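K.L.:
Per Swiss-Prot, N-acetylserine is recorded for S2. The phosphoserine annotation in Swiss-Prot covers S33, S141. Per Swiss-Prot, the feature ATP binding site maps to 49-57, 170-175, 350-353, 394-398, Y430; the stated evidence is similarity to another entry. Swiss-Prot lists R82, R105, T133, R139, K175, R196, Y200 with the feature beta-D-fructose 6-phosphate binding site. The region 'Fructose-2,6-bisphosphatase' feature in Swiss-Prot is assigned to 251-471. Among the features that Swiss-Prot reports, active site, tele-phosphohistidine intermediate is placed at H259. The active site, proton donor/acceptor annotation in Swiss-Prot covers E328 and is backed by similarity to another entry. Swiss-Prot lists H393 with the feature site 'Transition state stabilizer', giving similarity to another entry as the kind of evidence.
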Amino acid sequence: MSQEMGELTQTRLQKIWIPHNNGNSRLQRRRGSSIPQFTNSPTMVIMVGLPARGKTYISTKLTRYLNWIGTPTKVFNLGQYRREAVSYKNYEFFLPDNMEALLIRKQCALAALKDVHSYLSHEEGRVAVFDATNTTRERRSLILQFAKEHGYKVFFIESICNDPDVIAENIRQVKLGSPDYIDCDREKVLEDFLKRIECYEVNYQPLDDELDSHLSYIKIFDVGTRYMVNRVQDHIQSRTVYYLMNIHVTPRSIYLCRHGESELNLRGRIGGDSGLSARGKQYAYALANFIQSQGISSLKVGTSHMKRTIQTAEALGLPYEQWKALNEIDAGVCEEMTYEEIQEHYPEEFALRDQDKYRYRYPKGESYEDLVQRLEPVIMELERQENVLVICHQAVMRCLLAYFLDKSSDELPYLKCPLHTVLKLTPVAYGCKVESIYLNVEAVNTHREKPENVDITREPEEALDTVPAHY
């Protein structure tokens with residue numbers, strides 16, 4: 001490599017990060033997470049509220065979000081511990097005077113707390129979400145004492161809902177499919193679960209504005225119509241509050257797609273800001289016809305600032321917003337190069353990217369990890385919106401898809417997001433339903449799988465083995 005080319009590459013100092021394990025490989029010495037961890041002590045997020053108040057929904061979404069931004073988080077659902085300990089018969093298990101059941105429930109809570117300790121203290125977890133009713137001051141005091149003994153921070157999330165229609169809808173969507181009610185009559189399930197709620201109501205002690213004024217918490221009233229926040233103490237708690245104040249449960253669909261095929265796509269070059277190819281323009285009109293056929297009410301459309309997404313959106317004949325955060329990943333010195341040219345001029349960089357595609361940062365460019373941080377405001381906007389179409393780019397779409405489908409950082413850079421295909425995401429109880437719609441306009445394949453040999457000393461043909469044909 002020439003001296004001129006060498007100067008383009010980042011310095012060793014800029015590439016160093018703390019390895020995820022104790023390995024001594026050259027890559028591990030150069031690896032680094034550009035995103036700092038904002039918690040100096042592990043955090044326990046404690047759910048509070050009666051059954052059918054959306055606690056598990058909140059727990060699942062919050063965990064997905066925190067993992068996506070790079071904070072290792074895990075849900076500990078007490079219902080799962082209880083089902084492993086004893087089979088469910090009916091609501092009588094939850095009667096406040098059922099002493100045998102009370103003992104079992106406490107033992108389950110202690111078992112879950114033991115697993116929380118293992119996760120936060122021995123498995124590099126940063127946030128544990130304790131998903132249970134935790135409706136009594138006695139139970140919350142037990143948790144607070146546990147957290148104090150182990151040096152964990154505590155943040156409470158209480159979900160309060162008195163709207164019978166919302167409660168009934170939650171029971172219909174979630175509880176009818178619960179493992180507690182397999183093969184049970186629908187009406188009997190509803191009757192039993194309402195009686196279960198009554199059992200909890202007897203001893204329910206909500207967080208108190210005066211008695212609990214020293215605690216950190218957020219109260220969510222009637223699925224987000226009102227909030228009360230108290231003593232937010234650190235960055236993670238602040239981000240949690242911000243996130244929870246943006247999510248909603250209104251039925252909607254999120255449409256994700258890439259721009260139409262571009263001129264640089266045809267030439268096998270990454271990045272750049274070229275316009276659409278002839279087939280790309282054909283796709284733009286096919287997309288317009290598809291969106292019209294969906295009959296979507298109040299559709300909001302977002303694009304990046306790049307020509308190829310704007311040209312794709314123009315064909316829709318709808319208003320659209322340009323979001324700079326949706327711009328494609330910055331390939332730095334590799335912008336508008338083919339994979340063959342990157343291998344020729346920067347073989348070491350090409351290998352390092354294959355070794356850790358999520359954290360690798362292009363010289364003078366970005367990593368997928370950087371891109372996730374850039375896209376966080378987009379996620380907040382998507383959570384706030386109802387029906388929305390996002391016309392973006394391959395790396396950007398992978399990051400957004402990883403959030404909605406709860407994919408790991410290892411899976412994220414290899415998610416398949418082909419050209420001329422729309423992904424329709426419909427949020428459901430604890431996840432997303434995905435429909436893939438190919439609009440029948442041919443395009444080049446831009447998906448490159450991870451090659452078998454990722455060593456720096458590999459032969460060029462091994463490095464280029466998985467490069468797709470661009471014709």
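Each residue, glycine too, has its Cβ placed from N, Cα and C.
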K.L.:
According to DSSP, folded down to helix, strand and coil, what is E328 (active site, proton donor/acceptor)?
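P.N.:
Going by the DSSP assignment, E328 (active site, proton donor/acceptor) belongs to neither helix nor strand, so it counts as coil.
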K.L.:
List only the single closest residue to R82 (beta-D-fructose 6-phosphate binding site), chosen from the binding-site residues G49, Q173, A351 by CA-CA distance.
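P.N.:
Smallest Cα separation from R82 (beta-D-fructose 6-phosphate binding site) among G49, Q173, A351: G49.
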K.L.:
Just to confirm my parser: what is the rounded mean pLDDT across the region 'Fructose-2,6-bisphosphatase' (251-471)?
P.N.:
97
K.L.:
Show me the subset of G49, H259, H393, A395 whose Cα is within 10 Å of E328 (active site, proton donor/acceptor); these are the recorded positions I mean.
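P.N.:
Cα within 10 Å of E328 (active site, proton donor/acceptor): H393, A395.
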K.L.:
Which one is closest to R105 (beta-D-fructose 6-phosphate binding site) in space, judged by CA to CA distance, out of the recorded positions S141, H259, A395?
P.N.:
S141
K.L.:
With S141 (phosphoserine) as the reference Cα, tell me which of the recorded positions R53, Q173, Y200, H259, H393 is the closest one.
P.N.:
Y200
K.L.:
Of R53, R105, R139, K175, H259, which of the recorded positions has the most Cβ neighbours inside 10 Å?
P.N.:
H259
K.L.:
Taking Cα atoms as reference points, which of the binding-site residues T133, R139, K175, R196, Y200 is nearest to A395 (ATP binding site)?
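P.N.:
Smallest Cα separation from A395 (ATP binding site) among T133, R139, K175, R196, Y200: K175.
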K.L.:
Checking the spread of the beta-D-fructose 6-phosphate site as listed (R82, R105, T133, R139, K175, R196, Y200): what is the longest Cα-Cα distance, in whole Å?
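P.N.:
Across R82, R105, T133, R139, K175, R196, Y200, the widest Cα separation comes out at 24 Å.
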K.L.:
Between R196 (beta-D-fructose 6-phosphate binding site) and Y57 (ATP binding site), how many Å separate their Cα atoms?
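P.N.:
On Cα coordinates alone, these residues lie 19 Å apart.
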K.L.:
Compare the C-alpha of the residue listed as 'active site, tele-phosphohistidine intermediate' with the C-alpha of each of the recorded positions R53, Y200, A351, H393, Y430, and give the closest one.
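P.N.:
Minimum Cα distance from the residue listed as 'active site, tele-phosphohistidine intermediate' across R53, Y200, A351, H393, Y430 lands on H393.
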K.L.:
Cα within 10 Å of G49 (ATP binding site) is the criterion; apply it to the recorded positions R139, K175, H393 and give the hits in sequence order.
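P.N.:
Cα filter at 10 Å returns nothing.
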K.L.:
Taking each of the recorded positions T133, S141 in turn and counting other Cβ atoms within 10 Å of its Cβ, which one has the fewest?
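P.N.:
Relative to the other recorded positions in T133, S141, S141 has the fewest Cβ atoms within 10 Å.
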